Amino acid sequence: MPTVITHAAVPLCIGLGLGSKVIPPRLLFAGIILAMLPDADVLSFKFGVAYGNVFGHRGFTHSLVFAFVVPLLCVFIGRRWFRAGLIRCWLFLTVSLLSHSLLDSVTTGGKGVGWLWPWSDERFFAPWQVIKVAPFALSRYTTPYGHQVIISELMWVWLPGMLLMGMLWWRRR
C-alpha cells in the first residue's frame, strides 16, 4: 500500500486543481478522509483477522461496492454540509475512495485488492506494479527501503497529481 498520507494526494490534487467553487473545503476534507478510510481495515489485525481474509487488509473496504456505497451514504447524510450538489459530491467522494484501491493495486507487495467482493474473494493487482509497498512500521521509513518507498510515491503519485492539479488550475483561469 502507499502511505496513508499519499492516499490523500488524489482528492487533494483534484480538489485544489478544480478550486473551492467546484470542490468546497468541506467536500475536499471529506474526500481526503474517504481516500484514507479503507486502511482502517488494518485494525482487524488486532482482532486476529488474517490479512487474506475478506475482512482483512485490502478486503471488503477496498471493494468496488464499498467505493460506491460509502460515498452515497455520505452524500445522503451530509450533502448540505458539503455545500455542493448531490452528483458533484457523490462523484468526488467516489473518485476519492476508489483511488485508494487503485493505488494499492499498483504496489509491489501485499496480496492484491478485493475489488469484486461480495461476488468473489479473489484479490487483484493492476497489470503493472510501480509503487514500492509501504511498511507498516514507522521506524522502517528511516531505512534505505523506506526512502525508496517515499521516492516511488513522489514519482508515481505526487508528481502526476501536482501536474494534474496544475493543468486543472490553468484550465479554470
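If you go along the chain as it appears here, the first residue is 1 and each next one adds 1.
From the backbone N, Cα and C atoms, a Cβ is placed for every residue, glycine too.
The structure displayed is predicted, hence computed values, not measured ones.
What Swiss-Prot records for 1-12, 78-83 is topological domain 'Cytoplasmic'. Taken from Swiss-Prot, the feature transmembrane segment covers 13-35, 55-77, 84-103, 148-170. Per Swiss-Prot, topological domain 'Periplasmic' is recorded for 36-54, 104-147.
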Across the topological domain 'Cytoplasmic' (78-83), average pLDDT on the 0 to 100 scale:
88
Quick test of the contact rule: Cβ under 8 Å, at least six residues beyond the ends. What residues does that give for the topological domain 'Cytoplasmic' (1-12)?
28, 31-32, 34-36, 39, 57-58, 92, 95-96, 99-100, 103-104, 107, 110, 131, 133-134, 149-150, 153, 157-158, 161
Other than its close neighbours in sequence, what residues sit by the topological domain 'Periplasmic' (104-147), given a CB gap under 8 Å and a spacing of at least six beyond its ends?
1-3, 6, 38, 42, 51-52, 54, 57-60, 62-66, 153, 156-157
